[in-house]
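Among the features that TrEMBL reports, domain 'Glucose-6-phosphate dehydrogenase NAD-binding' is placed at 12-191. Residues or ranges marked as NADP(+) binding site in TrEMBL: R48, D89, V90, K152. The substrate binding site annotation in TrEMBL covers H182, K186, E220, D239, K344, K349. Among the features that TrEMBL reports, domain 'Glucose-6-phosphate dehydrogenase C-terminal' is placed at 194-490. The active site, proton acceptor annotation in TrEMBL covers H244.
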Amino acid sequence: MAHTEKPTALIMIFGATGDLANRKLFPSLYNLFEKGKLDRFAVVGVARRALSNEEFQLKVKESVKENGETDPKADLDEFVSKFYYHSHDVTDSSSYLALGKLSEELDSHYGLNGNRIFYLAMAPEFFGTIAEHLKKDKLTDVSGFKRLVIEKPFGHDLESAKVLNKQIRTAFTEDEIYRIDHYLGKEMVQNIEVIRFANAMFEPLWNNRYISNIQVTSSETLGVEERGRYYEKSGALRDMVQNHMLQMVSLLAMEPPIKLTTDEIRSEKVRVFRALRPIKDGEVNEYFVRGQYDKGVMNEKEVPAYRQEEMVDPESNTETFVAGKLMIDNFRWAGVPFYIRTGKRMKAKSTKIVIQFKDIPMDLYYQPEKTVNPNLLVIHIQPEEGITLHLNAKKSGQGDATPVKLNYANKGIDGLNTPEAYEKLLYDSLRGDATNFTHWDEVALSWSFVDNISKVWENTKEPSFPNYASGSMGPDAADKLLEQDGFFWWPFNDIDVENC
Ligand SMILES: NC(=O)C1=CN([C@@H]2O[C@H](COP(=O)(O)OP(=O)(O)OC[C@H]3O[C@@H](n4cnc5c(N)ncnc54)[C@H](OP(=O)(O)O)[C@@H]3O)[C@@H](O)[C@H]2O)C=CC1
Ligand SMILES: O=C1O[C@H](COP(=O)(O)O)[C@@H](O)[C@H](O)[C@H]1O
């Protein structure tokens, strides 16, 4: 499908006074505008509180100044002049008619060709209601395209995800639904496919004959902050593993698509999810480890334990850390463990992928007490962006094999989860490119994988909680998970990219 490079649309943001809109969406839209990537457009912000258009425009202006990457230029006034506000409780059916009328007026005033993007930046319990009202009150009856951009979490488990999907499918077809996983907007996550499929030297080795294991770590230094209410019901498994971690695994494990089209790429990813070995009830502890952070010292400041955070049960059984071993039962990956690890209040904010190659068949450079390191390909997702290839070579003046690193540093962006990822995803949704959004089949299969684990964890209280100190790399059991297979987590210091 050809994608319009300079899209035209009415963008309706539900939850326009919220944190996501303020920190990510407005600055991203501004960047697109400022780079000349948008043709004609207008934005309607929707939320309950009373605001005039002028007050809303001022908020958008401040958001761009505070959170934007670019120095706002003189065109910021022109940008915000296209923003309108509609005070509206999304549960109140009578208000949608007025929203529809405003949309039509803006469509004709700006010449938007009847194209509409509905961006749901609100709590997920409203997603279904909004979609149903949009349909009932004919906001989706348009002459151009209509697309629904929907934030995570997409359900709480497979059952609730199915209910939500059914609700939104009453108003939008699968092709019109853009389920955001912001990791898919990250530069180096998008680079996984290019590194794999544009290099003759990697793809022939990308299988169980040459790779011994793959490690994906996404660690955070922040705690649960003010999201205790949500996180108590979610935990790291639902918050990070079901979506971001499994998405990265699917990109690492998928077969080369026959073409770089949305359908072909998604269908290869779906095949990975289908090949994921399900974890049976009695096997959860063999394959997965859960952790919860205790108090600790980070940056010379004392930080509280998870159970002392606001809106968190002092006896909470919620995990803030997960490590797991995934097996992909297909010809390419049989026998190769994919280890994943994610948690809050860990030592460093970092997302890295380590591909560890098998040892050479015979070590000609053997010396007692000295081992030749395995080759590693490290993909640095954040905060630094790049790749490092760990090889062994002779250093000048020495006769033996010494570890050396080949570094490629992608032109980095400073900041984590910056508008950069949202900017790309917003642009893609406006252009009609759904490749970096999750298809329903991926969502359903990943929930079904995760549900097996969460059911067991919910029904068994973990007596060791809290079991890792804030500022550490998680509980000891996460190290044992690899030790029992003869591996270890590659320490960040050893695999850091230099000069990024
Ligand atoms: N913040 C982030 O960084 C991220 C957020 N997300 C997801 O994005 C979504 C939004 O998150 P976030 O912005 O943090 O949430 P906030 O709580 O900050 O914002 C919620 C928004 O919804 C509006 N709202 C609440 N109830 C109603 C209602 N009945 N009718 C109309 N508007 C309503 C609020 O405005 P008002 O009170 O004026 O009605 C506000 O604009 C969630 O699904 C979250 O999981 C995903 C990834 C990152
Ligand atoms: O989706 C989420 O992601 C963030 C981590 O995102 P990152 O881009 O900063 O790595 C996580 O903090 C949050 O709990 C989760 O909901």
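Sequential numbering from 1, following the chain as shown.
Note: Cβ is positioned from N, Cα and C throughout, glycine not excepted.
Please treat TrEMBL annotations as automatic predictions, because they have not gone through curation.
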Nonlocal neighbours by CB distance (under 8 Å) for V90 (NADP(+) binding site), same chain, sequence gap 6 or more: F14, V46, M122, F126, T129, I130, H133
Residues among the recorded positions E220, D239, H244, K344, K349 that border ligand 1 - Cβ under 6 angstroms, in sequence order: none
Taking residues R48, D89, V90, K152, which bind NADP(+) in the record, the widest Cα spacing (Å, whole number): 21
Distance [Cα-Cα, Å, rounded] between K344 (substrate binding site) and H244 (active site, proton acceptor): 14
Close recorded positions near H182 (substrate binding site), where close means Cα within 10 Å, chosen from R48, D89, H244: H244
Those binding-site residues in D89, K186, D239, K344, K349 whose CB falls under 6 A of ligand 2, listed in sequence order: D239
Listed binding-site residues K186, E220, K349, filtered to Cα within 10 Å of K152 (NADP(+) binding site): none
Spatial separation of E220 (substrate binding site) from H244 (active site, proton acceptor) - C-alpha basis, Å: 13
R48, K152, H182, H244 as recorded positions, winner by CB count within 10 A: H244
In the chain carrying K186 (substrate binding site), residues 6 or more apart in sequence that have Cβ under 8 angstroms from it: T351, I381, Q382, E420, A421
Largest tally of Cβ atoms lying within 10 Å of a Cβ, found at which of the binding-site residues E220, D239: D239
